[in-house]
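One structure below.
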Amino acid sequence: MAAQLNELWQKTINIIKGELTEVSFNTWIKSITPISIDKDSIRLSVPNQFTKEILENRYKDLIINSMKIITTKKYDIAFLISSEEALETDEDQETDTNNVNTDTSSSMLNPKYKFDSFVIGNSNRFAHAACLAVAEAPAKAYNPLFIYGGVGLGKTHLMQAIGHYILDNNPKAKVVYVSSEKFTNELINSIKDDKNVEFRNKYRNVDVLLIDDVQFIAGKERTQEEFFHTFNALHENNKQIILSSDRPPKEIPTLEDRLRSRFEWGLIADIQAPDFETRIAILKKKADVEHLNIPNDVMVYIATQIKSNIRELEGALIRIVAFSSLTNKEISVDLASEALKDIISSKQNKQITIDLIQDVVSSYFNLRIEDFKSARRTKNIAFPRQIAMYLSRKLTDMSLPKIGEAFGGRDHTTVIHAYEKISSALKEDDDLKYTINEITKRFSPK
């Protein structure tokens, strides 16, 4: 089926190429990767939201009609952002709740996420070396391997690169890549449909298990229980486990201690935001892959303005190329400034509000904003709520009554108590200092 889809797509883009300018073709069509085909629809992977919107609004009909020339059939086309592919696959697999999917092939892996397409810099060199070592010698180098870092820094790329490398060198290897959300959903379905044995066979009879965003199993007792036994079964059988998270194990709240200690058994590698030189290298790599002619001063401008993560960096580049294509203007620093003005100004003008603080703190502790406003006083909610109140008092000009009101109508004395408690604890608690520092970083313009 994959070979049939690739052949169809190659014929399709050959037709499309004759309908577009070279710049438009290279900018929009060349970035598409076919994912799957069924009776009536075809799903295509695209790199970002901006590209998805342009394709849907300007090129979707061209793609559909070009395919119809080849197949005489009008397929429905769905564009998926690369990061959505796993979620979409999860949903497909869950539609048949009477069957636990046992696919352990490379179909779960994005073909773009390989070691040779990963840009190495000071911010990720250690993590890259660790991943390559694991790929070359599964279960012999570091087990488990735990990778952590912020959104869009390349964790998923490195994890899937491990899977590709192992399968390229041993096609018979059983490799499973899964998000923690999918793991949880499959567990729920297996319990509901009395398919526990099939579920356990899928995840405990593999050579390599890659779990992305493992922090989301925190607070889910049944999922943690199941994953604990899965981890033990694989580790005891000398099978490789790779985990990713947005923070180190010690900073994942409501994670069971027995899992936390196991996550720390092997090697922990972090990925930081790319430095200036790495950002330039990433932009050059993207331009080369997409056959884009981008002046050096424009790349310097992008790298100077966009510092947070790789997705935003590549998205800015595509936005500039699109702006150039749609306005028929040559790519220059002035054009780049105009194309990115909304993005840059929104970052520069980002004000810290109570709503923002609640959003960031709840996300950090894997809670809902509603939890902060509820009457619940369990430790896993009360402590993050106090941190959010402390930051609201420290970082905004809102009055104590206004802060209390934002946290479910609490009295101003409750806010004072929270502020004083956190302030006092910060004098001696290094872990709390680290937590506050990590949360505060998320407020800063990037």
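Placement of Cβ uses the backbone N, Cα and C atoms for every residue, glycine included.
The feature region 'Domain I, interacts with DnaA modulators' is assigned by Swiss-Prot to 1-73, with sequence analysis given as support.
Residues or ranges marked as region 'Domain II' in Swiss-Prot: 73-107.
The region 'Domain III, AAA+ region' feature in Swiss-Prot is assigned to 108-324; the stated evidence is sequence analysis.
What Swiss-Prot records for G152, G154, K155, T156 is ATP binding site. Look at T156 (ATP binding site): DSSP puts it in a helix.
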CB neighbours within 10 A of G154 (ATP binding site), counting all protein chains shown, number 26
Starting from the Cβ centroid of G152, G154, K155, T156, which together make up the recorded ATP site, report each further residue of the same chain whose Cβ lies within 8 Å of that point, ordered by sequence.
-> G149, V151, L153, H157, L158, S244, I271, N309, I310
Would you mind checking how many other C-beta atoms are within 10 angstroms of the C-beta on G152 (ATP binding site)?
-> 18
Restricting to the region 'Domain II' (73-107), report the mean pLDDT as a whole number.
-> 58
